[in-house]
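Asker: Input: one structure, supplied below.
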Amino acid sequence: MEIAVFGGGAWGRALAFAFGEKNEVKIISRRDLNEPLKKLNDALISKGSAPIEQVDLERGLKAALYVIAISVQHLREWFQNASLPKNAKVLIASKGIEVLNKAFVSEIAKDFIDPNALCFLAGPSFAAEIIQGLPCALVIHSNNQALALEFANKTPSFIRAYAQQDIIGGEIAGAYKNVIAIAGGVCDGLKLGNSAKASLLSRGLVEMQRFGAFFGGKTETFLGLSGAGDLFLTANSILSRNYRVGLGLAQNKPLEVVLEELGEVAEGVKTTNAIVEIARKYGIYTPIASELALLLKGKSVLESMNDLIRRA
């Protein structure tokens with residue numbers, strides 16, 4: 001089966017490689033991917049799979065299934081420009097909350113596609129590990145279980161993909177863990193110790209679940225791969241962009257400098273502000289996100305972390 005992956009960043013390329021084991025994959029990106037795809041295609045060909053082919057948007061839209069790995073902040077614009085066919089089957093692999101409209105991913109997508117044709121990818125994974133073929137377990141959330149299973153069955157041998165409902169819980173967990181991951185990086189950067197880190201992540205998980213429950217997310221989603229699993233991975237690894245943002249802030253570097261040095265998108269930065277504004281609107285208690293928002297605006301890192309540990 002032919003699958004189109006939209007987005008040529010590290011995550012998009014990793015997903016193209018993963019789906020390429022069993023399927024013909026077309027990737028659509030504004031950047032030239034000839035060099036980045038070379039090693040991935042060599043690996044696919046060695047396994048007897050077809051190489052990933054970069055194509056234009058018109059050609060990509062002819063695929064049977066779509067995987068979208070576009071930054072959440074540009075997702076609405078992408079949908080507007082792409083003009084997906086009415087029968088599109090979509091798996092969104094972007095994690096975050098749209099800052100401009102304070103919208104979750106599914107809220108953006110429903111303006112352009114049938115909600116029953118939408119899936120959301122969640123769970124603990126890094127692009128750098130997927131392209132090495134290292135094993136992981138992910139969750140495909142959808143109100144349409146048949147479609148979720150269809151996508152799950154297309155994943156490679158090294159990925160265990162579960163099909164679950166609760167799409168709102170899955171996408172909130174995927175967005176919120178990036179916020180806690182920044183705080184986790186700060187905690188480690190300040191060398192506050194394992195006990196403080198455990199407290200931070202435990203309370204972060206509770207905060208994530210509290211926020212998600214307000215919008216109908218299920219507790220089991222936040223305690224599973226989509227929530228706890230992704231949180232524990234992202235908040236503890238140097239492979240995490242958001243964790244590295246926290247490490248940079250712990251060195252008293254201005255946020256602008258941290259992001260410039262990162263050279264990649266860290267969705268947790270903008271997601272933090274979106275969560276705080278949504279929480280304020282609905283009266284949801286989010287002490288970690290609220291304190292982190294102050295830190296991102298320039299509050300002293302030591303003062304912020306001390307206040308955070310006491311409040312959370």
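In case you wondered, yes, glycine gets a Cβ from its N, Cα and C as well.
Just lifted these from Swiss-Prot, have a look:
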type     : residues                                                      : note
BINDING  : Trp11, Arg30, Arg31, Lys95, Ala127, Arg241, Val265, Glu267    : NADPH binding site
BINDING  : Lys95, Gly123, Ser125, Lys177, Asp230, Ser240, Arg241, Asn242 : sn-glycerol 3-phosphate binding site
ACT_SITE : Lys177                                                        : active site, proton acceptor
Asker: Find the shortest Cα-Cα separation between Lys177 (sn-glycerol 3-phosphate binding site) and the binding-site residues Trp11, Lys95, Ala127, and name the residue that gives it.
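Answerer: Checking each of Trp11, Lys95, Ala127 against Lys177 (sn-glycerol 3-phosphate binding site), the shortest Cα distance is to Lys95.
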Asker: What is the total of other Cβ atoms whose distance to the Cβ of Arg241 (NADPH binding site) is within 10 Å?
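Answerer: Its Cβ shell of radius 10 Å holds 23 other Cβ atoms.
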Asker: Roughly how many Å lie between the Cα atoms of Asn242 (sn-glycerol 3-phosphate binding site) and Arg31 (NADPH binding site), rounded to a whole value?
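Answerer: Roughly 24 Å, rounded to the nearest whole number.
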Asker: Can you see whether DSSP assigns Ser125 (sn-glycerol 3-phosphate binding site) to helix, strand or coil?
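Answerer: Once the DSSP labels are grouped into three classes, Ser125 (sn-glycerol 3-phosphate binding site) ends up as coil.
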Asker: Have a look at the binding-site residues Gly123, Ser125, Asp230, Ser240 and say which one has the shortest Cα distance to Trp11 (NADPH binding site).
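Answerer: Its closest listed neighbour, by Cα, is Ser125.
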Asker: Have a look around Glu267 (NADPH binding site) and count the other CB atoms within 10 A of its CB, chains all included.
Answerer: 22
Asker: Looking only at C-alpha atoms, tell me how far Asp230 (sn-glycerol 3-phosphate binding site) is from Lys95 (NADPH binding site), rounded to the nearest Å.
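Answerer: Checking the Cα atoms of Asp230 (sn-glycerol 3-phosphate binding site) and Lys95 (NADPH binding site) gives a distance of 11 Å.
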Asker: Return only the integer: C-alpha distance in Å from Ser125 (sn-glycerol 3-phosphate binding site) to Arg30 (NADPH binding site).
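Answerer: Answer for this pair: 25 Å between alpha carbons.
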Asker: Which whole-number value in Å describes the distance between the Cα atoms of Ser240 (sn-glycerol 3-phosphate binding site) and Ala127 (NADPH binding site)?
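Answerer: Ala127 (NADPH binding site) has its Cα 10 Å from the Cα of Ser240 (sn-glycerol 3-phosphate binding site).
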